[in-house]
Ligand code: SF4
């Protein structure tokens, strides 16, 4: 029996995309089981606090921000109060976080914009959030996902590194990473996916020396072997907490 002729018309091969989607979602499920407590490691109770602590967390640790923020919000609980703050007092409160002049500037401009443009409320839309002074797409997505329960992908340094190591994207531009990875997952999973990857990046898949031999998603990772694969050596690299 003769073989059927080869098709000459182009047939889209979706198998690679499908397997990538399956692999990516499997990784997210395993990370969700590994880190059931994954969440933002910054403390906040309102959208305004979420916005402020996220802005303050640049160039410092979440732990330091969490130590400084109670006094900050006791003195300036909302945008109107912070916009009218005494600059020297505000500088003193954010002093332990470093870059205190720049951070004070950011908080004063941000609070004033919230009062003047949004009636003292934090907007719950990406296009409005990114127009606020000092608020980039990453901060906006943190606020959307964590303060408003709207799906947002937060491409910080951990998320970008892990997405590339896991073979989900080759892009380095955060916006392109956000779109490529976002296409692999249902929107409703975006916020938790961000927490899972960031927690894994802080605890196991470090920038230098990832703990590959102790990694729960190693079998789906094309970068397995970038760090020690010996389980004993790798286990020593694991951190139980995020950034100190
Ligand atoms: S196998 Fe290694 S590179 Fe891949 S996710 Fe795990 S720790 Fe990171």
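Using N, Cα and C of the backbone, Cβ positions are placed for all residues, glycine too.
As given in TrEMBL:
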DOMAIN    56-203  domain 'HhH-GPD'
BINDING   205, 212, 215, 221  [4Fe-4S] cluster binding site
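Distribution of TrEMBL features across the structure.
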residue	record	DSSP (3 states)
205	[4Fe-4S] cluster binding site	coil
212	[4Fe-4S] cluster binding site	helix
221	[4Fe-4S] cluster binding site	coil
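Most buried of the binding-site residues 205, 212, 215, judged by other Cβ atoms within 10 Å, is 205.
The 10 Å shell around the Cβ of residue 221 ([4Fe-4S] cluster binding site) contains 19 further Cβ atoms across the protein chains shown. Cβ proximity to the [4Fe-4S] cluster site centre (mean Cβ of 205, 212, 215, 221, cutoff 8 Å) flags the following additional same-chain residues: 165, 204, 210, 211, 217, 218, 223, 224, 226, 227.
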